[in-house]
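Trainee: Before anything else, here's the structure in question.
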Amino acid sequence: MQSSISLSLSSPSTICRSDSSAAVSNANVNLLNPRSLRFCGLRREAFGLNSSLSTHRIQLLSNATRRPRSNRIVASSAGNGAASKSFDYDLVIIGAGVGGHGAALHAVEKGLKTAIIEGDVVGGTCVNRGCVPSKALLAVSGRMRELQNEHHMKSFGLQVAAAGYDRQGVADHANNLASKIRSNLTNSMKSLGVDILTGFGTVLGPQKVKYGDTVITAKDIIIATGSVPLVPKGIEVDGKTVITSDHALKLEFVPQWIAIVGSGYIGLEFSDVYTALGSEVTFVEALDQLMPGFDPEIGKLAQRVLINPRKIDYHTGVFASKITPAKDGKPVTIELIDAKTKELKDTLEVDAALIATGRAPFTQGLGLENINVQTQRGFVPVDSRMRVIDASGELVPHLYCIGDANGKMMLAHAASAQGISVVEQVTGKDHVLNHLSIPAACFTHPEISMVGLTEPQAREKAEKEGFEIGIAKTSFKANTKALAENEGEGLAKLIYRPDSGEILGVHIFGMHAADLIHEASNAIALGTRIQDIKYAVHAHPTLSEVIDELFKAAKVKANTSSPVAEPVAA
């Protein structure tokens, strides 16, 4: 998320995330404490905090006891269960991105002997080419914006000299962060007992996988191979002046004028970075409005704050039918055609172009033909439990696919949640993940976050199923903490059913929106009704009161609520 593409790639993002009968011993559970902090779907071991694992360090087997395998790292057996006698492993995961990593750690917690096959580098897209390095760049852009905003600083009584930046230093910050997280992830899996097998993973048949020249068997197999940047036909990527997000994260240069093709999450975040560093940006969007995936009301406000005041212009309703890199002193040329008539509408000449048109699943070379599986637009077909479906519509036994490769929700933390769900199933507990409870975020300044349905989606559902919807809104301008930070620009929006109190969707634009959304997403996941959550207590003064006021503003007709547990004495 490459002429030689890894099978470890998993979703962006960004963001971050983050979704029985078998058990490890109490001693191991206490020692490993895997139920700890996560970042972008990664556990606290990613930050090197697992200092108590000295007894679980990697133990490389000697040549005298096992034939040498340069593409295999065998972890300590402690914490990694013993596989069934008829299989090499209980679980083999193809791809060591966020989805594969989350599944592997949960599998070890459940006592499964686990291996993960990695064809490139641990961490996949999120750590190496996605959410981790992009957030490092966005951290820089946020500080630059604040330092450059003289009016904002004066409102605090502060005087700041002209802000500047070192491009290589900014790039190094992103690269060093990715390297650190990648190293710590690798060490965490080794210490927890996950065997890391290096090579290109291929499914040979039922419960059989090949990596390199080695064939292994597993009771269950998870495909977690992720995605790569999607480049439409007619666009020539040279990696220098016409780039994808993979190239942009290296920040090898900051162009004076850059066209960004696509105004979704990726395009918006990079527009935030480039304009903070001094670039002018032109959006090229095929649909009739910018930010088409967002709730329209939130998108309209975000455009007023994130686009209109900045050095950004845009073309909507047009395709970039042909993009030619800069060469021989000539600029990058972009031919724009009308999305409806397909007639040439305009030609742009810019210093660089970033292709942010989305991501495509990386599922080629997996050996799916060996098990009669046909991809759909590149995605591996799965059911609600992530079980792979073959060309005849039948389930492939013991084979699962998670993350970007199945296309259900192309987010890093969704991949992790799907992986954990699969592990629950293979260890005897039926588990179906509610994708409507998975939040998403765009880390612009201010941020945008959402969970559940947009207002148009909710109205369509209401019309089909015969119920009414309610809308509640609260403004950051009424929040004490936001005002103390001089960050009163923002809106929170709740879409709900007045008859039952069911939360259908929540959308937030404002300071720390990506953090605030989780109260709503957890409420949806747990089935909590508004009439219950509106009595929750929030600390004052905090931004969380934006959500508190949002739920209190809802008008629910139902008086019923969930049983309340007996109070616990302090």
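The backbone N, Cα and C atoms fix where each Cβ goes, and this holds for glycine too.
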Trainee: According to TrEMBL, which candidate among CYS126, CYS401 shares a disulfide with CYS131?
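Mentor: Within the candidate set CYS126, CYS401, TrEMBL assigns the bond with CYS131 to CYS126.
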Trainee: Return the count of C-beta atoms lying within 10 angstroms of the C-beta of HIS540 (active site, proton acceptor), excluding that atom itself.
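Mentor: Result for HIS540 (active site, proton acceptor): 10 neighbouring Cβ atoms inside 10 Å.
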Trainee: Taking the Cβ of each of the recorded positions and counting other Cβ atoms inside 10 Å, which one has the highest number: CYS126, LEU268?
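Mentor: The residue with the densest Cβ neighbourhood is CYS126.
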Trainee: Hey, what's the Cβ neighbour count for GLU285 (NAD(+) binding site) at 10 Å?
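Mentor: Taking all protein chains shown, GLU285 (NAD(+) binding site) has 24 Cβ neighbours within 10 Å.
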Trainee: For the recorded positions CYS131, ILE266, which one has the sparsest Cβ surroundings, going by other Cβ atoms within 10 Å?
Mentor: ILE266
Trainee: State the Cα to Cα distance, in Å, between LEU268 (NAD(+) binding site) and CYS126 (disulfide bond), rounded to an integer.
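Mentor: Rounded to a whole number, the Cα-Cα distance is 17 Å.
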Trainee: Rank aside, I only need the closest one: which of the recorded positions GLY262, GLY264, ILE266, GLU285, HIS540 has its C-alpha nearest to that of CYS131 (disulfide bond)?
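Mentor: Looking at Cα distances from CYS131 (disulfide bond), the smallest one goes to ILE266.
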